[in-house]
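Feature annotations, reproduced from TrEMBL:
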SIGNAL    1-27  signal peptide
DOMAIN    37-73  domain 'EGF-like'
DISULFID  C63-C72  disulfide bond
DOMAIN    75-112  domain 'EGF-like'
DISULFID  C102-C111  disulfide bond
TRANSMEM  245-271  transmembrane segment
Amino acid sequence: MTDSRTLHGVNGLLICVLLILFNGTSVDTSEGGVGGDIDDCLNNNCSGNGNCSDRVNGFYCYCNDGYYGITCDIEAGPCSPNPCENNGTCFQDENNLVYCNCTSEFEGERCESEKPPKIFTVTLTIIDRIFVDDYKDLTKSLTLGLIEDLNSIFKPFLEQNFDGFSTIVFTGFFQGSVGAIFDVIFAATSEINATSIVKAFSRANGTNQLRFVLLGTIKAVNKLHTSTGATDSLVTESSSELEPWIIALIVFLIIFAILLVVIVILVVSLVMDNFLPLQTL
Ligand SMILES: *[C@@H]1O[C@H](CO)[C@@H](O)[C@H](O)[C@H]1NC(C)=O
Ligand SMILES: *[C@@H]1O[C@H](CO)[C@@H](O)[C@H](O)[C@H]1NC(C)=O
Ligand SMILES: *[C@@H]1O[C@H](CO)[C@@H](O)[C@H](O)[C@H]1NC(C)=O
Ligand SMILES: *[C@@H]1O[C@H](CO)[C@@H](O)[C@H](O)[C@H]1NC(C)=O
Ligand SMILES: *[C@@H]1O[C@H](CO)[C@@H](O)[C@H](O)[C@H]1NC(C)=O
Ligand SMILES: *[C@@H]1O[C@H](CO)[C@@H](O)[C@H](O)[C@H]1NC(C)=O
């Protein structure tokens, strides 16, 4: 067994190369073995906390209870090894209870779950678009065209205004001129809230940034987000020019619907009264 760990300078390098050529085996100068194995445990006492076992080009430490790590150099404890997952920081309080301080992307007692994205449902009305019936069906080509048109405006707008903006998904359109309902999705770490969304849209109303004029109500609702349950916050900012008109229309439609149902019931019962006896004959 040759120990050649103290090879120096150019001479050392030369000898080293020659030895490689001669022996046909690799030389690991840090390990010091040439053409064979050395007892790696000679230089390793496993930090005095375990038993060393020699391996070819290495060693293995069997650690005593209470220690771990490659050289048994880490003392085990409630925070060691770290019980917190995903780079959470472990800390102990004065009662020796263990807690995890999670990074901003994770949550849970042991930081085991990734935080869900933040999703807001936004409803607004654009006046410089004409509503067509096709818009009620999201798969129609006219609707897909509208979505593409709106995406080309909304996406840059949202990217500019909000950190962590991820994507936008249109979920429906309604009459008036074109009312749009869409989900805006942000990274879990985003500081976004419903108020700031409504404010951004109001600020951009009619400017080059948004390129169209909004009427009526801008609404943003925080969709389900914590793992413990849904917390909804409703923020409404309105410039209520259309609102009384819309309310009147809705009331009228409801009354009309009720009347229609009553009439249908009356007609049906009349028809039944007239024809039932005939049928039973
Ligand atoms: C183990 O080795 C380190 C240095 O290699 C030395 O400082 C330490 O005192 C040794 N521990 C025991 C228990 O021999
Ligand atoms: C280390 O060796 C001693 C003596 O052979 C033995 O009593 C002890 O159990 C060993 N420790 C471990 C962790 O294997
Ligand atoms: C944890 O931190 C390391 C080093 O900083 C990094 O490479 C790794 O991606 C992080 N893991 C997670 C889940 O954040
Ligand atoms: C948890 O992390 C936050 C932010 O990284 C830090 O301000 C706080 O002091 C940490 N708490 C503990 C108990 O380490
Ligand atoms: C919403 O975010 C804005 C800007 O980030 C902040 O000033 C405001 O206090 C937040 N509002 C709520 C209700 O958290
Ligand atoms: C947008 O601006 C128009 C006129 O410039 C105004 O009539 C309308 O109320 C504004 N809408 C909102 C939601 O602020």
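Here the Cβ of each residue, glycine as well, is placed from N, Cα and C on the backbone.
Sequence features, as recorded in TrEMBL, placed on the structure.
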residue: C63; record: disulfide bond; CB count, 10 Å: 19
residue: C72; record: disulfide bond; CB count, 10 Å: 22
residue: C102; record: disulfide bond; CB count, 10 Å: 21
residue: C111; record: disulfide bond; CB count, 10 Å: 23
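Annotated pair C72 (disulfide bond) and C111 (disulfide bond), C-alpha to C-alpha distance, rounded: 27 Å.
The two recorded residues, C63 (disulfide bond) and C102 (disulfide bond), show a Cα separation of 30 Å. With a threshold of 8 Å between CB atoms, the same-chain residues lying at least 6 positions outside the transmembrane segment (245-271) that come near it are 176, 216. DSSP assigns C72 (disulfide bond) to coil, not to a helix or a strand. Among residues of the same chain six or more beyond the domain 'EGF-like' (75-112), those with a C-beta under 8 A of the stretch's C-beta atoms are 66-68, 188-189, 227. When averaged over the domain 'EGF-like' (37-73), pLDDT in the model lands at 91.
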